[in-house]
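Report on the following structure.
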Amino acid sequence: REPADAAVREKRAKIKEMMEHAWNSYKRYAWGLNELKPITKEGHSSSLFGTIKGATIVDALDTLFIMGMESEFQEAKSWIAENLDFNVNAEISVFEVNIRFVGGLLSAYYLSGEEIFRKKAVELGIKLLPAFHTPSGIPWALLNIKSGIGRNWPWASGGSSILAEFGTLHLEFMHLSHLSGNPIFAEKVMNIRKVLNKLEKPEGLYPNYLNPSSGQWGQHHVSIGGLGDSFYEYLLKAWLMSEKTDLEAKKMYFDAVQAIETHLIRKSSGGLTYIAEWKGGLLEHKMGHLTCFAGGMFALGADGAPEGRAQHYLELGAEIARTCHESYNRTFMKLGPEAFRFDGGVEAIATRQNEKYYILRPEVVETYMYMWRLTHDPKYRKWAWEAVEALESHCRVNGGYSGLRDVYFTHEKYDNVQQSFFLAETLKYLYLIFSDDDLLPLEHWIFNTEAHLLPILPTDQKEVEVKVK
(Lines of atoms letter the chains of each structure in order from A and count residues from 1; the text may use other names and numbers.)
(Lines give C-alpha, C1' and ligand atoms only; values in the text may rest on other atoms or scores of the structure.)
Protein backbone atom coordinates (compact mmCIF):
# COMPACT_ATOMS: atom_id res chain seq x y z
CA ARG A 1 0.00 0.00 0.00
CA GLU A 2 1.36 3.39 -1.01
CA PRO A 3 1.70 6.15 1.63
CA ALA A 4 -1.15 8.69 1.31
CA ASP A 5 1.17 11.71 1.26
CA ALA A 6 2.53 12.37 -2.25
CA ALA A 7 5.84 13.80 -1.00
CA VAL A 8 6.47 10.68 1.10
CA ARG A 9 5.48 8.46 -1.84
CA GLU A 10 7.99 10.22 -4.05
CA LYS A 11 10.80 9.77 -1.54
CA ARG A 12 9.95 6.12 -1.12
CA ALA A 13 9.99 5.66 -4.90
CA LYS A 14 13.45 7.26 -5.01
CA ILE A 15 14.76 4.74 -2.45
CA LYS A 16 13.33 1.88 -4.53
CA GLU A 17 15.13 3.32 -7.56
CA MET A 18 18.38 3.25 -5.52
CA MET A 19 17.79 -0.44 -4.83
CA GLU A 20 17.21 -1.01 -8.55
CA HIS A 21 20.50 0.71 -9.36
CA ALA A 22 22.43 -1.28 -6.73
CA TRP A 23 20.84 -4.59 -7.80
CA ASN A 24 21.11 -4.05 -11.55
CA SER A 25 24.76 -3.04 -11.21
CA TYR A 26 25.51 -6.15 -9.16
CA LYS A 27 23.63 -8.28 -11.67
CA ARG A 28 25.47 -6.76 -14.60
CA TYR A 29 29.02 -6.86 -13.28
CA ALA A 30 29.20 -9.38 -10.43
CA TRP A 31 26.27 -11.79 -10.70
CA GLY A 32 26.76 -14.89 -8.57
CA LEU A 33 29.82 -13.50 -6.79
CA ASN A 34 29.59 -12.20 -3.24
CA GLU A 35 29.77 -8.47 -3.76
CA LEU A 36 30.28 -5.85 -6.45
CA LYS A 37 33.25 -3.54 -7.00
CA PRO A 38 31.31 -0.59 -8.45
CA ILE A 39 34.26 1.49 -9.66
CA THR A 40 36.11 -1.27 -11.50
CA LYS A 41 32.83 -3.03 -12.35
CA GLU A 42 33.80 -6.53 -11.29
CA GLY A 43 33.03 -9.06 -8.58
CA HIS A 44 34.46 -9.00 -5.07
CA SER A 45 34.65 -11.95 -2.72
CA SER A 46 35.24 -11.40 0.97
CA SER A 47 37.10 -14.11 2.88
CA LEU A 48 34.28 -13.99 5.48
CA PHE A 49 32.25 -16.31 3.26
CA GLY A 50 35.04 -18.70 2.29
CA THR A 51 34.12 -19.91 -1.17
CA ILE A 52 30.36 -19.71 -0.62
CA LYS A 53 29.00 -17.44 -3.34
CA GLY A 54 26.07 -15.11 -3.81
CA ALA A 55 26.13 -13.06 -0.58
CA THR A 56 24.49 -10.05 -2.23
CA ILE A 57 21.74 -12.23 -3.72
CA VAL A 58 20.81 -13.84 -0.41
CA ASP A 59 21.20 -10.61 1.57
CA ALA A 60 18.99 -8.65 -0.85
CA LEU A 61 16.16 -11.20 -1.17
CA ASP A 62 13.79 -9.80 1.44
CA THR A 63 14.43 -6.18 0.38
CA LEU A 64 13.49 -7.12 -3.19
CA PHE A 65 10.34 -8.79 -1.87
CA ILE A 66 9.30 -5.88 0.34
CA MET A 67 9.84 -3.34 -2.45
CA GLY A 68 7.70 -5.40 -4.81
CA MET A 69 10.60 -6.14 -7.17
CA GLU A 70 9.04 -9.43 -8.22
CA SER A 71 11.04 -10.36 -11.31
CA GLU A 72 14.29 -9.62 -9.47
CA PHE A 73 13.13 -11.74 -6.54
CA GLN A 74 12.35 -14.62 -8.91
CA GLU A 75 15.74 -14.44 -10.62
CA ALA A 76 17.40 -14.43 -7.20
CA LYS A 77 15.34 -17.45 -6.18
CA SER A 78 16.33 -19.31 -9.36
CA TRP A 79 20.00 -18.59 -8.74
CA ILE A 80 19.68 -19.91 -5.18
CA ALA A 81 17.88 -23.07 -6.29
CA GLU A 82 20.49 -23.83 -8.94
CA ASN A 83 23.75 -22.40 -7.64
CA LEU A 84 23.81 -21.77 -3.89
CA ASP A 85 26.20 -24.45 -2.70
CA PHE A 86 27.41 -25.02 0.84
CA ASN A 87 29.54 -28.07 0.04
CA VAL A 88 32.74 -26.06 -0.06
CA ASN A 89 36.11 -26.90 1.42
CA ALA A 90 36.68 -23.47 2.95
CA GLU A 91 36.75 -21.58 6.19
CA ILE A 92 33.88 -19.18 6.86
CA SER A 93 32.91 -16.72 9.58
CA VAL A 94 30.15 -18.47 11.55
CA PHE A 95 28.68 -15.11 12.58
CA GLU A 96 28.65 -13.51 9.12
CA VAL A 97 27.30 -16.61 7.40
CA ASN A 98 24.61 -16.92 10.06
CA ILE A 99 23.36 -13.33 9.95
CA ARG A 100 23.57 -12.89 6.17
CA PHE A 101 22.92 -16.34 4.68
CA VAL A 102 20.84 -18.14 7.34
CA GLY A 103 19.04 -14.89 8.21
CA GLY A 104 18.45 -13.97 4.58
CA LEU A 105 17.09 -17.41 3.70
CA LEU A 106 14.81 -17.57 6.76
CA SER A 107 13.43 -14.12 6.01
CA ALA A 108 12.81 -14.97 2.35
CA TYR A 109 11.00 -18.12 3.48
CA TYR A 110 8.76 -16.35 5.98
CA LEU A 111 7.86 -13.60 3.50
CA SER A 112 7.33 -15.75 0.40
CA GLY A 113 6.53 -19.21 1.76
CA GLU A 114 8.85 -20.73 -0.87
CA GLU A 115 10.13 -24.09 0.39
CA ILE A 116 13.56 -23.77 -1.26
CA PHE A 117 14.53 -21.05 1.24
CA ARG A 118 13.58 -23.12 4.28
CA LYS A 119 15.44 -26.11 2.90
CA LYS A 120 18.62 -24.14 2.21
CA ALA A 121 18.50 -22.39 5.61
CA VAL A 122 18.27 -25.68 7.50
CA GLU A 123 20.94 -27.29 5.31
CA LEU A 124 23.31 -24.41 6.12
CA GLY A 125 22.36 -24.48 9.81
CA ILE A 126 23.42 -28.12 10.01
CA LYS A 127 26.77 -27.22 8.41
CA LEU A 128 27.39 -24.66 11.17
CA LEU A 129 26.83 -27.08 14.08
CA PRO A 130 30.45 -28.37 14.29
CA ALA A 131 31.48 -24.85 15.36
CA PHE A 132 29.99 -25.71 18.76
CA HIS A 133 32.34 -28.68 19.34
CA THR A 134 34.36 -26.88 22.03
CA PRO A 135 34.81 -27.80 25.71
CA SER A 136 32.40 -25.05 26.81
CA GLY A 137 30.01 -25.18 23.84
CA ILE A 138 30.90 -21.55 23.03
CA PRO A 139 31.38 -21.76 19.24
CA TRP A 140 34.50 -21.01 17.23
CA ALA A 141 34.54 -17.84 15.12
CA LEU A 142 35.84 -19.62 12.03
CA LEU A 143 34.77 -22.99 10.69
CA ASN A 144 35.80 -25.10 7.74
CA ILE A 145 32.33 -26.27 6.71
CA LYS A 146 33.65 -29.35 4.97
CA SER A 147 36.06 -30.71 7.60
CA GLY A 148 34.15 -29.27 10.57
CA ILE A 149 37.39 -27.89 12.03
CA GLY A 150 37.04 -24.61 13.88
CA ARG A 151 39.38 -21.96 15.28
CA ASN A 152 39.25 -18.40 16.54
CA TRP A 153 40.50 -15.17 15.02
CA PRO A 154 44.26 -15.05 15.62
CA TRP A 155 44.02 -11.45 16.89
CA ALA A 156 41.35 -12.17 19.52
CA SER A 157 42.51 -12.04 23.15
CA GLY A 158 44.21 -15.35 24.03
CA GLY A 159 42.26 -17.53 21.58
CA SER A 160 38.90 -16.14 22.65
CA SER A 161 35.56 -16.22 20.90
CA ILE A 162 33.85 -12.85 20.50
CA LEU A 163 30.72 -11.81 22.37
CA ALA A 164 28.99 -10.24 19.36
CA GLU A 165 29.72 -13.33 17.27
CA PHE A 166 28.61 -16.18 19.53
CA GLY A 167 25.89 -13.93 21.00
CA THR A 168 24.31 -13.27 17.61
CA LEU A 169 23.14 -16.75 16.67
CA HIS A 170 20.17 -16.98 19.01
CA LEU A 171 17.28 -15.68 16.88
CA GLU A 172 18.23 -17.61 13.75
CA PHE A 173 18.90 -20.85 15.62
CA MET A 174 15.56 -20.71 17.47
CA HIS A 175 13.90 -20.40 14.07
CA LEU A 176 15.97 -23.26 12.63
CA SER A 177 14.66 -25.54 15.40
CA HIS A 178 11.14 -24.28 14.78
CA LEU A 179 11.32 -24.91 11.02
CA SER A 180 13.21 -28.21 11.12
CA GLY A 181 11.57 -29.73 14.19
CA ASN A 182 15.10 -30.47 15.42
CA PRO A 183 15.78 -29.05 18.90
CA ILE A 184 19.57 -29.15 18.49
CA PHE A 185 19.81 -25.57 17.21
CA ALA A 186 17.87 -24.18 20.18
CA GLU A 187 19.91 -26.34 22.56
CA LYS A 188 23.20 -24.94 21.22
CA VAL A 189 22.21 -21.32 21.76
CA MET A 190 20.50 -21.92 25.10
CA ASN A 191 23.75 -23.48 26.30
CA ILE A 192 25.64 -20.29 25.35
CA ARG A 193 23.25 -18.39 27.58
CA LYS A 194 23.80 -20.88 30.41
CA VAL A 195 27.58 -20.40 30.23
CA LEU A 196 27.18 -16.60 30.28
CA ASN A 197 24.80 -16.71 33.22
CA LYS A 198 27.21 -18.72 35.36
CA LEU A 199 30.11 -16.31 34.82
CA GLU A 200 30.91 -13.40 37.10
CA LYS A 201 30.38 -10.13 35.20
CA PRO A 202 32.86 -7.32 36.00
CA GLU A 203 30.63 -4.45 37.25
CA GLY A 204 27.69 -6.24 35.62
CA LEU A 205 29.30 -5.77 32.18
CA TYR A 206 29.99 -8.47 29.57
CA PRO A 207 33.57 -8.49 28.25
CA ASN A 208 33.99 -8.86 24.48
CA TYR A 209 36.19 -11.97 24.78
CA LEU A 210 35.38 -15.44 26.11
CA ASN A 211 37.71 -18.42 25.85
CA PRO A 212 35.79 -21.43 24.45
CA SER A 213 38.17 -23.95 26.01
CA SER A 214 38.22 -22.64 29.59
CA GLY A 215 34.81 -20.99 29.49
CA GLN A 216 36.39 -17.91 31.14
CA TRP A 217 36.55 -14.28 30.05
CA GLY A 218 39.55 -13.02 28.09
CA GLN A 219 40.59 -9.36 28.30
CA HIS A 220 38.12 -7.15 30.12
CA HIS A 221 37.20 -4.95 27.17
CA VAL A 222 33.55 -3.93 26.91
CA SER A 223 31.92 -2.35 23.89
CA ILE A 224 28.43 -1.69 22.59
CA GLY A 225 30.08 -1.21 19.18
CA GLY A 226 31.96 -3.83 17.18
CA LEU A 227 32.74 -7.04 19.14
CA GLY A 228 29.85 -6.52 21.59
CA ASP A 229 26.96 -4.77 19.85
CA SER A 230 24.55 -7.41 18.58
CA PHE A 231 24.80 -9.59 21.71
CA TYR A 232 22.74 -6.99 23.58
CA GLU A 233 20.39 -6.51 20.62
CA TYR A 234 19.70 -10.27 20.55
CA LEU A 235 18.93 -10.44 24.29
CA LEU A 236 16.17 -7.87 23.80
CA LYS A 237 14.94 -9.43 20.56
CA ALA A 238 14.97 -12.97 22.00
CA TRP A 239 12.51 -11.75 24.62
CA LEU A 240 10.34 -9.94 22.04
CA MET A 241 10.47 -12.87 19.59
CA SER A 242 9.23 -15.28 22.26
CA GLU A 243 5.99 -13.30 22.64
CA LYS A 244 7.67 -11.90 25.77
CA THR A 245 7.77 -15.29 27.49
CA ASP A 246 11.59 -15.62 27.55
CA LEU A 247 11.96 -13.81 30.86
CA GLU A 248 15.57 -14.87 31.27
CA ALA A 249 16.50 -12.92 28.13
CA LYS A 250 14.53 -9.92 29.38
CA LYS A 251 16.32 -9.91 32.73
CA MET A 252 19.75 -10.31 31.11
CA TYR A 253 18.98 -7.42 28.76
CA PHE A 254 17.78 -4.94 31.37
CA ASP A 255 20.55 -5.89 33.82
CA ALA A 256 23.12 -5.30 31.07
CA VAL A 257 21.53 -2.02 30.05
CA GLN A 258 21.64 -0.81 33.63
CA ALA A 259 25.38 -1.56 33.82
CA ILE A 260 25.90 0.16 30.46
CA GLU A 261 24.13 3.26 31.72
CA THR A 262 26.19 3.35 34.88
CA HIS A 263 29.60 2.70 33.35
CA LEU A 264 29.58 3.56 29.64
CA ILE A 265 27.01 6.25 28.87
CA ARG A 266 28.36 9.78 29.20
CA LYS A 267 27.39 13.30 28.16
CA SER A 268 29.88 15.56 26.40
CA SER A 269 30.41 19.17 27.49
CA GLY A 270 28.43 20.16 24.40
CA GLY A 271 25.48 18.10 25.62
CA LEU A 272 25.79 15.04 23.37
CA THR A 273 25.03 11.66 24.94
CA TYR A 274 27.46 8.98 23.80
CA ILE A 275 28.47 5.42 24.65
CA ALA A 276 32.15 5.00 25.48
CA GLU A 277 34.28 1.84 25.37
CA TRP A 278 35.52 0.28 28.60
CA LYS A 279 39.01 -1.19 28.87
CA GLY A 280 39.63 -2.86 32.20
CA GLY A 281 37.89 -0.03 34.04
CA LEU A 282 39.26 2.85 31.93
CA LEU A 283 36.98 4.61 29.47
CA GLU A 284 37.94 5.37 25.91
CA HIS A 285 35.73 8.25 24.79
CA LYS A 286 35.12 6.89 21.33
CA MET A 287 31.88 5.76 19.73
CA GLY A 288 31.72 3.62 16.61
CA HIS A 289 29.21 3.89 13.77
CA LEU A 290 28.22 0.33 14.71
CA THR A 291 27.28 1.59 18.21
CA CYS A 292 24.68 3.90 16.68
CA PHE A 293 22.27 0.95 16.42
CA ALA A 294 21.82 1.26 20.20
CA GLY A 295 19.50 4.26 19.92
CA GLY A 296 16.95 2.06 18.18
CA MET A 297 17.58 -0.77 20.63
CA PHE A 298 16.94 1.39 23.72
CA ALA A 299 13.74 2.74 22.16
CA LEU A 300 12.52 -0.70 21.07
CA GLY A 301 13.06 -2.03 24.60
CA ALA A 302 11.41 0.96 26.31
CA ASP A 303 8.04 -0.74 26.37
CA GLY A 304 9.30 -3.55 28.63
CA ALA A 305 11.42 -1.36 30.89
CA PRO A 306 11.15 -1.59 34.69
CA GLU A 307 8.41 0.48 36.32
CA GLY A 308 8.42 4.10 35.21
CA ARG A 309 11.53 3.81 33.00
CA ALA A 310 9.86 3.55 29.58
CA GLN A 311 9.98 7.27 28.83
CA HIS A 312 13.60 7.39 29.97
CA TYR A 313 14.62 4.74 27.41
CA LEU A 314 12.74 6.46 24.58
CA GLU A 315 14.56 9.67 25.47
CA LEU A 316 17.89 7.86 25.64
CA GLY A 317 17.22 6.45 22.16
CA ALA A 318 16.46 9.96 20.90
CA GLU A 319 19.68 11.31 22.43
CA ILE A 320 21.81 8.61 20.79
CA ALA A 321 20.04 9.29 17.47
CA ARG A 322 20.90 12.98 17.82
CA THR A 323 24.56 12.26 18.59
CA CYS A 324 24.84 9.97 15.57
CA HIS A 325 23.12 12.56 13.38
CA GLU A 326 25.74 15.07 14.58
CA SER A 327 28.51 12.66 13.56
CA TYR A 328 27.04 12.81 10.02
CA ASN A 329 26.38 16.53 10.07
CA ARG A 330 29.94 17.45 11.11
CA THR A 331 31.52 15.87 8.02
CA PHE A 332 31.90 17.32 4.53
CA MET A 333 30.04 14.43 2.90
CA LYS A 334 27.19 14.44 5.47
CA LEU A 335 27.81 10.72 6.01
CA GLY A 336 29.24 9.45 9.27
CA PRO A 337 32.74 8.19 9.97
CA GLU A 338 33.49 4.66 11.18
CA ALA A 339 34.26 6.01 14.68
CA PHE A 340 34.12 9.42 16.32
CA ARG A 341 35.59 10.82 19.51
CA PHE A 342 34.75 12.99 22.47
CA ASP A 343 38.07 14.15 23.84
CA GLY A 344 40.57 16.96 23.66
CA GLY A 345 37.86 19.44 22.76
CA VAL A 346 36.50 17.34 19.86
CA GLU A 347 32.91 16.14 19.79
CA ALA A 348 31.42 13.57 17.42
CA ILE A 349 34.35 13.87 15.01
CA ALA A 350 36.81 11.25 13.78
CA THR A 351 40.35 12.29 14.66
CA ARG A 352 42.27 9.33 13.22
CA GLN A 353 42.67 8.77 9.51
CA ASN A 354 41.78 5.08 9.82
CA GLU A 355 38.40 5.98 11.36
CA LYS A 356 37.25 8.49 8.71
CA TYR A 357 35.78 6.00 6.26
CA TYR A 358 32.10 5.26 5.54
CA ILE A 359 31.29 1.84 4.07
CA LEU A 360 27.53 2.27 3.38
CA ARG A 361 26.71 1.18 6.93
CA PRO A 362 23.08 1.07 8.14
CA GLU A 363 23.21 1.59 11.93
CA VAL A 364 22.31 5.28 11.94
CA VAL A 365 19.33 4.94 9.61
CA GLU A 366 18.35 1.81 11.54
CA THR A 367 18.02 3.94 14.66
CA TYR A 368 16.11 6.59 12.68
CA MET A 369 13.69 3.84 11.56
CA TYR A 370 12.93 2.68 15.12
CA MET A 371 12.69 6.26 16.39
CA TRP A 372 10.31 7.13 13.54
CA ARG A 373 8.11 4.11 14.20
CA LEU A 374 8.03 4.67 17.95
CA THR A 375 7.63 8.48 18.07
CA HIS A 376 6.62 9.73 14.59
CA ASP A 377 8.74 12.82 15.18
CA PRO A 378 9.19 14.27 11.67
CA LYS A 379 12.88 15.02 12.27
CA TYR A 380 13.68 11.33 11.74
CA ARG A 381 12.28 11.46 8.22
CA LYS A 382 14.19 14.68 7.65
CA TRP A 383 17.46 13.12 8.85
CA ALA A 384 16.85 9.97 6.81
CA TRP A 385 16.31 12.06 3.69
CA GLU A 386 19.59 13.91 4.36
CA ALA A 387 21.29 10.50 4.33
CA VAL A 388 19.59 9.60 1.02
CA GLU A 389 20.78 12.84 -0.56
CA ALA A 390 24.33 12.31 0.72
CA LEU A 391 24.39 8.72 -0.59
CA GLU A 392 23.20 9.94 -3.98
CA SER A 393 25.70 12.81 -4.09
CA HIS A 394 28.77 10.98 -2.87
CA CYS A 395 28.37 7.18 -3.02
CA ARG A 396 26.38 6.63 -6.19
CA VAL A 397 28.53 5.89 -9.20
CA ASN A 398 27.82 4.58 -12.65
CA GLY A 399 28.51 0.99 -11.53
CA GLY A 400 26.52 0.96 -8.27
CA TYR A 401 27.26 2.44 -4.84
CA SER A 402 30.71 2.70 -3.27
CA GLY A 403 31.96 3.35 0.24
CA LEU A 404 34.18 6.37 0.92
CA ARG A 405 37.67 6.49 2.42
CA ASP A 406 37.33 9.94 4.03
CA VAL A 407 34.01 11.64 4.77
CA TYR A 408 35.76 14.89 5.76
CA PHE A 409 37.61 15.33 2.48
CA THR A 410 36.23 17.66 -0.21
CA HIS A 411 36.11 15.04 -2.93
CA GLU A 412 35.34 11.35 -3.09
CA LYS A 413 37.99 8.72 -2.55
CA TYR A 414 36.05 5.53 -3.25
CA ASP A 415 36.76 2.21 -1.56
CA ASN A 416 35.30 0.32 -4.56
CA VAL A 417 33.01 -2.02 -2.58
CA GLN A 418 29.21 -2.21 -2.69
CA GLN A 419 28.62 -4.03 0.59
CA SER A 420 25.84 -6.63 0.60
CA PHE A 421 24.44 -5.00 3.75
CA PHE A 422 23.76 -1.81 1.78
CA LEU A 423 20.99 -3.73 -0.01
CA ALA A 424 19.98 -5.86 2.99
CA GLU A 425 19.87 -3.11 5.59
CA THR A 426 20.62 0.48 4.62
CA LEU A 427 18.12 0.67 1.75
CA LYS A 428 15.53 -1.45 3.59
CA TYR A 429 15.51 0.77 6.68
CA LEU A 430 15.34 3.91 4.53
CA TYR A 431 12.41 2.46 2.57
CA LEU A 432 10.56 1.60 5.78
CA ILE A 433 11.01 5.14 7.15
CA PHE A 434 9.04 6.41 4.14
CA SER A 435 6.42 3.64 4.32
CA ASP A 436 3.35 3.32 6.54
CA ASP A 437 3.77 1.46 9.83
CA ASP A 438 1.59 -1.42 8.66
CA LEU A 439 4.37 -2.56 6.31
CA LEU A 440 6.19 -5.02 8.60
CA PRO A 441 4.70 -3.88 11.94
CA LEU A 442 7.12 -4.17 14.86
CA GLU A 443 4.62 -6.16 16.91
CA HIS A 444 4.76 -9.02 14.39
CA TRP A 445 8.30 -8.94 13.03
CA ILE A 446 11.79 -8.91 14.53
CA PHE A 447 14.74 -7.74 12.43
CA ASN A 448 17.89 -9.80 12.82
CA THR A 449 21.13 -7.83 12.98
CA GLU A 450 21.35 -7.89 9.16
CA ALA A 451 17.78 -6.49 8.91
CA HIS A 452 16.35 -9.87 7.94
CA LEU A 453 12.81 -10.49 9.10
CA LEU A 454 11.84 -13.14 11.59
CA PRO A 455 8.27 -13.49 12.84
CA ILE A 456 7.40 -13.71 16.51
CA LEU A 457 7.64 -17.43 17.27
CA PRO A 458 4.41 -19.29 17.95
CA THR A 459 4.10 -20.78 21.40
CA ASP A 460 4.95 -24.35 20.35
CA GLN A 461 8.59 -23.24 20.18
CA LYS A 462 8.62 -22.76 23.97
CA GLU A 463 8.55 -26.55 24.39
CA VAL A 464 12.00 -26.78 22.85
CA GLU A 465 13.36 -24.15 25.24
CA VAL A 466 11.90 -25.81 28.30
CA LYS A 467 13.49 -29.17 27.49
CA VAL A 468 16.89 -27.52 27.16
CA LYS A 469 16.79 -26.09 30.65
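Please read every residue number as a count from 1 along the shown chain.
Even glycines carry a Cβ here, placed using N, Cα and C.
Small disclaimer: the values here were computed from a predicted structure and weren't measured.
Of the listed cysteines Cys292, Cys395, Swiss-Prot assigns the disulfide bond with Cys324 to Cys292. In terms of C-alpha distance, the listed recorded positions Asn329, Glu338, Thr449 place Glu338 closest to Cys292 (disulfide bond).
Of all Cβ atoms in the shown protein chains, 25 besides its own fall within 10 Å of the Cβ of Thr449 (Ca(2+) binding site). Looking at the topological domain 'Lumenal' (1-469) alone, the prediction's average pLDDT is 97.
Distance between Cα atoms for Glu338 (active site, proton donor) and Asn329 (N-linked glycosylation site): 14 Å, as a whole number.
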